[in-house]
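Visitor: Sequence annotations record features per position, and here Swiss-Prot assigns region 'Disordered' to 504-530. Annotation source Swiss-Prot lists site 'Important for transporter activity' at ASP193, ASP398, citing experimental evidence. What Swiss-Prot lists as topological domain 'Cytoplasmic' is 1-33, 147-152, 204-213, 264-289, 410-422, 469-530 (among others), and the listing cites sequence analysis. Residues or ranges marked as topological domain 'Lumenal, vesicle' in Swiss-Prot (evidence: sequence analysis): 55-125, 174-182, 235-242, 311-325, 378-388, 444-447. Annotated transmembrane segment per Swiss-Prot: 34-54, 126-146, 153-173, 183-203, 214-234, 243-263, 290-310, 326-346, 357-377, 389-409, 423-443, 448-468, in sequence order, evidence recorded as sequence analysis.
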Amino acid sequence: MEPTAPTGQARAAATKLSEAVGAALQEPQRQRRLVLVIVCVALLLDNMLYMVIVPIVPDYIAHMRGGSEGPTLVSEVWEPTLPPPTLANASAYLANTSASPTAAGSARSILRPRYPTESEDVKIGVLFASKAILQLLVNPLSGPFIDRMSYDVPLLIGLGVMFASTVMFAFAEDYATLFAARSLQGLGSAFADTSGIAMIADKYPEEPERSRALGVALAFISFGSLVAPPFGGILYEFAGKRVPFLVLAAVSLFDALLLLAVAKPFSAAARARANLPVGTPIHRLMLDPYIAVVAGALTTCNIPLAFLEPTIATWMKHTMAASEWEMGMVWLPAFVPHVLGVYLTVRLAARYPHLQWLYGALGLAVIGVSSCVVPACRSFAPLVVSLCGLCFGIALVDTALLPTLAFLVDVRHVSVYGSVYAIADISYSVAYALGPIVAGHIVHSLGFEQLSLGMGLANLLYAPVLLLLRNVGLLTRSRSERDVLLDEPPQGLYDAVRLREVQGKDGGEPCSPPGPFDGCEDDYNYYSRS
């Protein structure tokens, strides 16, 4: 009996520790921060998986053609070689790299470069676009699903699908499996990205906390895109193809387990929390003119980045005889102005929240000017400055308009955010689905200069459209159905809705300050007539 006493004490101590940790995890403020960490890790993983294949797939597909597996190592033989990738950008690898790379070799073991053929370039472009294409197709379904199921279960589903996709990448031996894994990642992203951003908007309902939290999420997205290519390239060369994907799979699994511990999505309390009001249907949100303006801005501002990534390397080689390291480094400095743009917009939004539309319009103008300047650059340094301006403008637009979407849902619809952020994800996916496939054809038929000028002009022309959002900050926040049901007797809800509608029709006071798209029937929650 004596040995059981220490065992019992250990169990009691473990139980107390578990209860203490559980209580700490359930403390509202701490739980909100943990949820932000979980979502940021999920977004980081998604973007790392999106970009980690940049240095791996072209060489791997070329090795499939050659009949060998993994990177070819050459010992004690000097050969011109591509340096390890150092940036979050697919251009240096997606473009046709048939010209000889600049030699900076050594006599040590190095990764022998294998350049994709023209048909393999098409395969690589389709592979990169497949993720965004499937994401584009699934988002109209994932948004309403998130509205109905709350945010934690779809986020868990997304992390699980991303885990499966990453494992498939690790063990893929042919192009079909790579394509299936890439497409599966798009399915996971449609759930994880949308539910994650929606969860942040739900957990941080007030400004400036909401803008700050969404800004942190955007910084993690940018960092994931930056760190993934060198992470993948170094591990691929020294540890093999499977290792970078298995590391990402392990982090994805850990994030899912942390979500289970913090949110407890299958508990009775979680099911009670999931009893949300019925969200506005996604097709009705798409018809909301304010939301349509924001979605158009998100698509327009991301088109230059999505179209320049797969084309700028070839243009640099032909225009300025750029070396491989220059093509690899050209996007790296842009991370700093992107984070600076996020920080600046968050600080400005905290002091002047009614000017979010202006920050977005300035961002579009900066993107437009930067895109138009790119073809005029004839050396490396001016090109870096132009691309830094491009990413700075994208940060302004994203950081200003993502919180605006949540605010529009709060004041014009029901405060359920799955569908509206599915629309935002659709906006991004349109650009990144077209970029890897269409950009090269436009360059071949019209030229790189015309492509850049066209994208810049589109952003400059769209900037004044955001003037239509200038009165959004003056709208009165509506009370959600959940709040009404808590504060009002059930029999009075219908009467309150009818009274408000009658006042509007009889020429009573308007529901909110007038705007170009305003009507009283739109300023009250759509659920009253669903």
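Here the Cβ of each residue, glycine as well, is placed from N, Cα and C on the backbone.
Quantities reported herein were computed from a predicted structural model and do not represent experimental measurements.
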Visitor: Counting across all protein chains shown, how many other Cβ atoms sit within 10 Å of the Cβ of ASP398 (site 'Important for transporter activity')?
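Guide: Other Cβ atoms found within 10 Å: 28.
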Visitor: Taking the Cβ of ASP193 (site 'Important for transporter activity') as the centre, count every other Cβ atom within 10 Å, in any protein chain shown.
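Guide: Neighbour count, Cβ to Cβ under the 10 Å cut-off: 28.
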Visitor: Take the topological domain 'Lumenal, vesicle' (378-388) and count its residues per DSSP category (helix H/G/I, strand E/B, coil), listing them in that order.
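Guide: So the topological domain 'Lumenal, vesicle' (378-388) is made up of 9 helix, 0 strand, 2 coil.
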Visitor: Report, as numbers and ranges, every residue of the chain located at least six residues beyond the topological domain 'Lumenal, vesicle' (378-388) whose Cβ falls under 8 Å of a Cβ in that stretch; write 'none' if there are none.
Guide: 308, 316, 319-320, 322, 326, 330-331, 333-334, 336-337, 370-371
Visitor: By DSSP, how many residues in the topological domain 'Lumenal, vesicle' (174-182) are helix, how many strand, and how many coil?
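Guide: Across the topological domain 'Lumenal, vesicle' (174-182), the residues distribute as 8 helix, 0 strand, 1 coil.
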Visitor: Excluding the flanking five residues on each side, which residues at least 6 beyond the ends of the transmembrane segment (153-173) place their CB within less than 8 Å of a CB in that stretch?
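Guide: For the transmembrane segment (153-173), the far contacts come to 38-39, 42, 45-46, 49, 53, 142, 145-146, 180-182, 184-185, 187-196, 199, 241-242, 245-246, 248-249, 252-253, 255-256, 259-260, 265-266, 274, 418.
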Visitor: Which one of these stretches, 183-203, 243-263, 326-346, 389-409, has the most C-beta pairs shorter than 8 Å to the transmembrane segment (214-234)?
Guide: 326-346
Visitor: Hey, which of 126-146, 243-263, 389-409, 423-443, 448-468 has the most Cβ-Cβ pairs under 8 Å against the transmembrane segment (357-377)?
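Guide: The stretch with the most contacts is 448-468.
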Visitor: With a Cβ cut-off under 8 Å, give me the same-chain residues at least six positions beyond the ends of the topological domain 'Lumenal, vesicle' (174-182) that come close to it.
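Guide: Tertiary neighbours of the topological domain 'Lumenal, vesicle' (174-182) are 53, 57, 60-61, 64, 123, 126-128, 130-131, 165-166, 168.
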Visitor: What are the helix, strand and coil residue counts for the topological domain 'Lumenal, vesicle' (444-447) according to DSSP?
Guide: 2 helix, 0 strand, 2 coil
Visitor: For the topological domain 'Cytoplasmic' (147-152), would you mind checking the mean pLDDT of the predicted model?
Guide: 87
Visitor: Per DSSP, what is the helix/strand/coil residue tally across the topological domain 'Cytoplasmic' (147-152)?
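Guide: Its residues fall into 4 helix, 0 strand, 2 coil.
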Visitor: For a three-state summary based on DSSP, what are the helix, strand and coil counts in the topological domain 'Lumenal, vesicle' (311-325)?
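Guide: Result for the topological domain 'Lumenal, vesicle' (311-325), in helix, strand, coil order: 11 helix, 0 strand, 4 coil.
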